[in-house]
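Okay, so here's the structure we're looking at.
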């Protein structure tokens, strides 16, 4: 079905067409009384409506999703359940928090003792590459205080058939995958292979993207931490720019396809004069003219650049290919931006100027998460454990209107959530100077 995106919810282009199915698969009938989840109330397949959206000027519902919480009946017997956890892709604040949350909820609430981490991403599901680590409350007790992932990560696709067979051969019942869109596509492929074989193994995706660009979820863990730490970088280049004659400070922040971090950090900090994001392509001539006017009037300028900005201005014959996860490699536009600004300023007689550049990306993504993100991670892990024990599969745990919900993986992993440039977040940027 052809669909279009409204913020982070997918709806058909045709306003009269049926909505995409959001029904969650189950590996079998739940017959075991859930005596483990008390005192949380059972959700038992309760649903909530997604935000109403406008399509061709007509407001319509955008479907219902299942609440992710404890069920009165569960599918798996905790005494015999064996769980695998894998982390894939780039680092993100909160990975260890989610791992810890999964282990504590499985072990202390459902009394599941057989919990294992598969090291180095999806390589952990390939027999000749696999490194398996038992996880207990003692092992994960203080990992939330550290950045990174105790399981390690890797990029690159592996065979769904091989990974499904690994789970079967090693008697795993549940697989939790922590990762971004590429990881979720892999989880979807594993789940489809298991369903094809009619094997009752549950696959639950936990969305991990520091860029906050996964559909159907309002926010992802690590995002708030990234916004907070990004402000420190903006503060630094602001000080550098103000302390130099005709000073120009440039900060590059994460945001391969979406500019949420750049926008949130700039709005929160208040010192950015120009924000460049992938969703808006501002011609380099307008950028340079703005910088020139700002230098002449204020004596300095601060520019925040999302890493995916200015991609439409790269040389047409430049093809960088893709990374191991299949993501298109982006052109490094910073040198182009610096050279263009320098050339323009010299052309209008501003020979003396200084450009200072900061890229805090690796420092941010490898940092421990903030208190708000730590709380979010624990709640996310709690919801994931409940739906997994109930035999729900092929889903991602999303956060919508302060509720954790289950969304089919294929609805979240093949589309990218981007900044709505007609929405309130971007229009608030009108309070900040920008090119006309």
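Yeah, the Cβs are placed from backbone N, Cα and C, and that goes for glycine too.
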Record-annotated ATP site (Swiss-Prot): member among 90, 247, 249 besides 155, 156, 180, 181, 182, 183: 90
Additional site residue, 161, 279, 289, 307 [criterion: listed by Swiss-Prot with 209, 210, 211, 254, 255, 256, 362, 363, 364, 365 for substrate]: 307
Inter-residue C-alpha distance, residue 181 (ATP binding site) and residue 363 (substrate binding site) (nearest angstrom): 22
Per DSSP, three-state class assigned to residue 182 (ATP binding site): helix
Residue 365 (substrate binding site) in three-state DSSP notation: helix
Inter-residue Cα distance where the pair is residue 363 (substrate binding site) and residue 182 (ATP binding site), in Å: 23
Residue 180 (ATP binding site) versus binding-site residues 209, 211, 255, 307, 365 - nearest by Cα: 209
Residues near residue 365 (substrate binding site) in space but at least six apart in sequence (CB under 8 A): 90, 91, 92, 93, 210, 222, 226, 254
